[in-house]
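**Q** Sharing a structure here in structure tokens format.
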């Protein structure tokens, strides 16, 4: 018939236990006959769909209407194939799939009838159809064979005798077949089921990780179905023979998935080999069928690799041959088996394209016999032609094939390489029966027999071997005759052979002691009832009596397997002889069976422990030991039964007869007593132990005496030296000079400053507790808690008081002794579910973490019952949540807790509202009653209602839920401070103060009026507002005032607090400039002016003369505080109220009524009036002079912002970036390959610093042979960044140019090495990745000479870079669109006077285009609409800015110093379970300290702004009427005002000096009172600076031209820095001569103010080292040390990333030295650097000015002398430059960008020249 395609079906099974335990997901979808698979690794990818003949959905339960049962599969596939078999076609069904996919279940099924597979159902229906046949002319016969292919070897599963591997042969007619494979005739389905069961038991299975009963072999169950029909008319019979092949393939597998090892791995390799070959065959057949219609010419690729595997060889006819074939692909639905399932689907899809040409097998036997006869005739003719006709001239069909000739042929074949046959049947008399194939006798055989005496076997063999092709012809003739005899075998003979094989199998099993049921099923193992036998005894009781050996009648031989005679019992071992012993079983006269043991010569055989050399009669129960290891017990059932009958009362032995009994018996009989031996051995060991112990004790005692003697000698030496040292110290003490008071003050200042530094301790806390924070977040994510944890720093300031529960215990004890607040590390808990934020201490975090772990463990135990989203989790024992109520307090403070909590929770009257002498008005009564009523509603406490029913609440016996805290309704909006200095004069003032949050954010403004009133004065009527007419009395007791815990007078002054509130070491504004004596003098001056000391005690000298009559000591004074309005408060706060209190009375507060907030429209009118009466004391006067009233504004959220963050349940916490912009990633240096490993040397004192401007270029080889710089893309717009646009596969060179100012210490010697590595496609560096490091060949390194006389140094080196040596795909291919390649470059350079190389590291960004691509730089939007992009060749470079420090090597120091340098383990890198769910989140590190520092400075600035605004408002209100004494009393406020906010004392000096320099006459902005208020030190410095400035500018700026005459403006570039301020002659204008104070004070402070300035690359351990104080040095180190002195410096280079904030950009004109021309350049100010470009389109930085080391000078006299308006000067260490702006406004903007303080001072001076009228 015509070709038909292979029918393909797929079937998906349910999840197995392994997949269920791993919570696998189903990735298979079926719709009709279409099957789709989803990629679990990329769910967004479209599913892959396949179409098959059948798609069976068996993943669900049978109740599913789409479920495909076993019967449905058989009805679709099996019935159709059975019908084809009855039609006469060959049929094949095979199952394919991965291991454990359900192939064996589909093909074989299970024992239950409803779960039978295709094979049992097909066999059963086959015999049903046969039995239902009513045609008498039809007869049927069924033959079955069952084989397995295991490790490419074929085994017969039905014949127990065929234990070896069968050979696969190929016959020209039959094709591939298995030689000697058993074909058993069956007459019923029961016979087939029995054979199938027997074969399945013999099949090889094993357990793997993916399948507990994995089929380790391919099984082929073959049914030969013959239909014979007798035609009565013609009396001819016709046959149709169908071959039904049912194949169960072994599962494909991967070693890593199945965990295969050893034998399992070898099996899997063979399985995969055969399945791979099967796939190749299927693919080849599919391609052949596809190409048949297109091209009929056979190609070389049409070869089908059938012979590559035994499986495909045997299935050749079934795959694309004469067969109807069906394939069932078994699928696993689990996502963890995605790759295997997809491979199976592709196999099945290819198999659909195979076409088989099946034909009906009409009478195959007759045709086959005829063809075989022709083949035999042809072979005989061939032998006769070769002269062997006398040997084979025999009719093969005249006799059976099983005679003695068969043995001859076998012997002949096995000995064909010998000349003599060693067999008993080869005597000359028997040679007549040894015909070829044992066919019938013939005249030829008689002639052969008559010539027996003359012809020998040797001659016949010689004739056959010597004849060409004779051996092969004999072999093929033998095969053909064997097949003919098999075909001519009648059906009855086949049945008899099958029955004989079955009887042999049962006999063999019975001989082994295995009982068989009547139906042929195995019953079990039994102990023989009559036959004597041996059972083994083993040391392991479980292994005893597992082996049973029968002693047969007659002789039973025991020996080794390689003995000459066959041994009945085969043993192995070193002491087992080839023939060890003989058991002789005979019957005596009485019929009793007697067994005698006869040992062979020199064999070791023991009976009951005695060695026997002569025959011994055995009794039942005797112990027999053969050799040394084989122990048996002899059992004689009949003999034992007879003895029990004779002595029925015989007691059973008290000890069981086992292996131990036999061994002990053997030792006893040989005279060895084990107990005695053990006791003897034990005594010997005890004696040995005692001897060794005595020796050890003696040795220990001797060592102790030796050490004691040494210690005594050392003690004497120490005492002697200590006496000498004491004598020396006494002498030295006599010579010491006592400290002066000034020296004591210096020591006290230094100790207090050292004690306040907390950088290291805070860093240790952050690093040491990071692992706890990470674990808490990981548990929160895994339990789906919407709670995030992150570190936060809290400092107890006026704006941000720290709750006492967050302070450590030891800190609380020493709090009163500490003059300035401490900073604590806390944990910010963001409850995204409830919209609340809490702060936990580290101890509380650790306590809660224990409960979290317990909760996590419980969740794992009862995961199915977890109710994360239920209501009970809000108030249950959940350690993630603090107790949350409907109203919350965010950022609580002691003041708020003290006033609100006490007023709302405590019902006792407040002393503020009820005192002995005060009259509480009705409004006050109403307020108090309202507050008492409000007490029941302000706090929602549900701990007693349902906490007991929550999980874990029963753990706490005290009834309090430890997971929740009480939180009040209102949250703190912000705080404001109002000073009371106007009460000194007294004048009324209305303040508009900023409401500042704890984070330094302005949340609104508050208008407050403060005025002194008479005692009986009525309050004004504000309309509908509140009118409070009562008077509250507040006491200011001197003793209580001094002892109370609030900021002291010294702390409230910014001059001290700004310095003392520093938490980072060396971060004080004046830390690098102001010496301790200057600091102490400043403190003393401030204290003298304010009338206070450091300890807070009052020194009120001349008090009565300085204050007015209204503030007499002891008198009553009344003043009024009116809260007018609040404005600018965000609408998210619903209700707003305000309360205020005094600092020392934080528990007594005055509160307004809440008002509805309608947004940013009209302000909220409180109009709350409060009269306050006090008794005038020294404390009160000092308070109104120096301290404010605290105003706190509260509200509650309508909807908390955290709710928006909590909408995503499983989002991991993100790192906080509140203040600093995201820093650009900087890589560590690439390790050198040619240099020794350099350790990070501890850096000591810094000798000098330089700014380096480095240009990086990558040049490519052009067709002209020159190397041209590659194009650089600068569209990012940020400085020091750019992308190299390179061509693929072109030679390149890397050029690096270093530019810096000339210095005596800095000389480049050579480039030691240039290395590149860390190739990646993302900016971040993967530290775990292993990348090849390539060292480049340096071709040139030299210093360049500038075209003009320049003071800068240009050092350039060039290296060859072959990118192919990296062997990186990223560098070898064209970069895909949108991707960039990053590479790290490190240059190791050698410097003079340095002990190790300096390292310059740069991350280079690249994009590779095709080799012939034309590359042009992209144009940004700005350039697109502008005048074009700069195409200058020198624009193709990337810039880097570096800071080079030349430092001394740090001394190891004292042990205390070494302890302070301890290495703290950063636990943030430690792994915790579940960390991978955090998606890259990390705990905050050292940067948090810097952010908090900036936060504190921001709060301090806001505070100082309010103080200054108050002072200016008061001064404007008083006008010129302010007396001198009152002006002096206000000086503390002035000294701590804006001038001291962002600068240090030196900045004030400079400002004053600058103003004096501008107008040295009496027409200065300050009047004579201001000048007289300067202290002597300030006057001295001001005079010195004035002289220098006046002297210089009177020279008409000539010295400026002289100092910079050796360079042009184009040379302005990196400025060499030195932390010192060098001294120069006053005759020359230099940076240090004109600005000695601002170099390291004002500019450095502004540098520190800007976060971008601190974005340097540093490791976690180095993050704080860059902020160390650099000691001042007066002269260059090399000049001081002398040129002949050998110097050992350590270079330290750090890359500096410019800030992203642009302060100002535009064009400026630069004055060229010694020239009247001005050069125009484009300037961008990114603090602390000024970047200079040729134009606004120039992308490359041509020069930089470091503002932290430069001085900006401005003088109107200078402009008048030079006749150049709008000019100012910038002085650096090496040069001075004149700059000119476009107009006056532009100049002010540039001055503000360069130096904000200078610009503010100028504006203030200009505003004072034209004073405005005072406003009231």
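The backbone N, Cα and C atoms fix where each Cβ goes, and this holds for glycine too.
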**Q** Quick one: which of 1580-1619, 1620-1659, 1660-1699 does Swiss-Prot have down as region 'Disordered'?
**A** 1620-1659
**Q** Labelled phosphoserine in Swiss-Prot - which residue from 114, 1487, 1550, 1561 would that be?
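**A** Per Swiss-Prot, phosphoserine applies to 1487.
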**Q** For the set 585, 1057, 1556, say which residue Swiss-Prot annotates with phosphoserine.
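**A** Of 585, 1057, 1556, Swiss-Prot lists 1057 as: phosphoserine.
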**Q** Measuring Cα to Cα, how many angstrom lie between residue 1487 (phosphoserine) and residue 103 (ATP binding site)?
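**A** Just about 61 Å between their Cα atoms.
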**Q** Residues with Cβ closer than 8 Å to the Cβ of residue 102 (ATP binding site), same chain and 6+ apart in sequence?
**A** 11, 13, 58, 330
**Q** Can you check how the pLDDT averages out over the coiled coil (672-731)?
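**A** That region's mean pLDDT is 84.
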**Q** In whole Å, how far is residue 1416 (phosphoserine) from residue 104 (ATP binding site) when you measure between their Cα atoms?
**A** 65
**Q** Select the most exposed residue of 98, 99, 104, 1487, where exposure means the fewest other Cβ atoms within 10 Å, treating these as the recorded positions.
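**A** Selected from the recorded positions 98, 99, 104, 1487 on minimum Cβ neighbours within 10 Å: 1487.
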**Q** Do you know the DSSP helix, strand and coil residue counts for the domain 'FHA' (556-612)?
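**A** Residue counts in helix, strand and coil order: 0 helix, 27 strand, 30 coil.
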**Q** In whole Å, how far is residue 1416 (phosphoserine) from residue 100 (ATP binding site) when you measure between their Cα atoms?
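**A** Approximately 59 Å lies between the Cα of residue 100 (ATP binding site) and that of residue 1416 (phosphoserine).
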**Q** Which state, by DSSP, holds residue 99 (ATP binding site): helix, strand or coil?
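**A** SS state of residue 99 (ATP binding site) = coil.
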**Q** Under a three-state reduction of DSSP output, how is residue 1487 (phosphoserine) classified: helix, strand, or coil?
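**A** Assignment for residue 1487 (phosphoserine) reads helix.
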**Q** Only counting partners 6 or more residues apart, tell me which same-chain residues put their Cβ under 8 Å from the Cβ of residue 1416 (phosphoserine).
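**A** 1271 - these are the non-local Cβ neighbours of residue 1416 (phosphoserine), listed in sequence order.
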**Q** Within 10 Å of the Cβ of residue 101 (ATP binding site), how many other Cβ atoms can you find? Include all protein chains, please.
**A** 28
